[in-house]
Amino acid sequence: MKRRLNAASAATKEPIDKSSYSKREPISSTSDVRIFAICLIFRAVNSLLVQTYFNPDEHWQALEVAHRIIFGYGHLTWEWEKGIRSYLHPLVFAFLYKILAFLHLDTPWFMMRAPRLLQSVFASVGDVYLYKLSHVIFGYSVAQWTLFSQFTNWFMFFCFTRTLSNSLETVLTLVGLYHWPFVKGSGHVSVASRRWGLFVAALACAIRPTSAITWFYVGLLELFETHGRLRFIFLELVPVGIVVLAFTCLLDRLMYGSWILVPLNFLKFNFLSSGGDYYGTHKWHWYFTQGFPVMLFTFLPFSLVGIFKSKQWKLFGLIVWVLGLYSLLGHKEFRFVLPVLPIALMFSGYSLAAMRIPISSDGKSKRSLHHTRCHKRMQLAVLFLLVTNLPMALYMSLVHQRGSEDVMNFLAKEALDENVKSILFLTPCHAMPYYSTLHSNLPMRFLDCTPSDEKGIPDESDLFMMDPVGFVSNMAKNWSLPSHIVLFDSQERLLEEFLTSHSFREMKRFFHAHFKVDRDLQSSIVVYALSQ
């Protein structure tokens, strides 16, 4: 009896049962469906609220390629000439475009919204698997608060439903991690589950070769912990890897028209020749001191507390490993480390769940008093996270840099009414969506920024930014006048006289941003039309 009382007392002191809770109460299929429905509705609304421009790859490396595959016109950037991109990701959206075309729904609204709505379906799958992963590791309460953290974190809201390959990579990472025995801390090795984990991991690497950074860490730990190492390597890892690699190679052979080994070309360009540095570099510590803290934002202290309280050092090690390896590359972006952000938010969920559990065991009245204090502390924490993250999420999704999307949506409608003949974009290259949004086979031209084989040679975009008037004056010697010119207001002030002298008048002005990002302030985007 005394032993039982001591055990009960110890249980009240432990904030969260990390070992057996999920085994006693597994997630039912009904609960799975309910959670998925909640996630699907949330992400669908999330995708409709995302109306701003974030990164060129969302359009130029996915939708633009898919549009060219299905409709026969679109622009392929230099990466596709060098064979450092796989067609696997664009083909997902090519299938969507095929359905829209078949149903005659390829209108401006659907062409702009449907891809993100499709990505919202994938994102909701990622949310469900994050919930399942946190449930199996920490239990029901942590799973709930992990989902809360995932939904309310500003960067996940801003980025997860975008058509970036990083978004789909994040979904696959969450699905894959759920199937790895060492992640779940399971003593029993399910070969079938681990094979699924391997397959999903290989798929993630096929879409983004840099995903191998994540899975090398996971696979190495699994190799150290499993008993049947030879079986794991030769009967699981090698066969699955060969099958997925063969499939993607055949797919790329079909699309490129020749044999292309994308992972090897990707490795050569980004790692061996530091080709990514062409687009800018950061200090080695940027992910630790700026990038990841900005992504976590006010969830950072909760995640840190959750890490130390949960003592899940292997998962924490995964975050550090990914941030550390990406830190070795000169070119850094927030989206590169998106796959480990949900893991950090899971630790935040642990921290929030721990606030609700009374840890005093001295008596009923004291437990109630402590529970009241915990409840108030929980309410303050939730309020703090909502007040800091929701305005940020909505501002970045609805306001900041929305001009790029608005101007193309406007031109798409004008082109549908046959009011546009040709367009010249006098903007930094890839600053706008392109044919995938316009969805009209009209002549369009933008300033090229293909990396030169020799370092230090400025591209068209650089030359224009250095001397807009001189650049356009030289261009005008050999051009046929476009019907529309699109440019930012910062260059408009310099080119106003030139535009007027060539019979262009302002047609429409769109708000873009309140503050600069990596260039001068681009507060608005202006459309000029040729006077009739």
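The count begins at 1 with the first shown residue.
Cβ from N, Cα, C; glycine included.
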From 34-58, 284-308, the residue range that TrEMBL assigns the feature transmembrane segment | 284-308
Per the Cβ under 8 Å criterion, with at least 6 residues separating them from its ends, the transmembrane segment (284-308) contacts 149, 153-155, 316, 323, 326-328, 332, 334, 337-338, 341, 344-352, 354, 381, 384-385, 388-389, 392
Can at least 3 Cβ pairs under 8 A be found between the transmembrane segment (337-359) and the transmembrane segment (230-247), with each pair 6 or more apart in sequence?
-> no
Same-chain Cβ contacts of the transmembrane segment (315-331) under 8 Å, 6 or more residues past its ends?
-> 183, 210, 213-214, 217-218, 270-271, 274, 276-282, 284-288, 292, 307, 337, 339-340, 343-344, 346-347
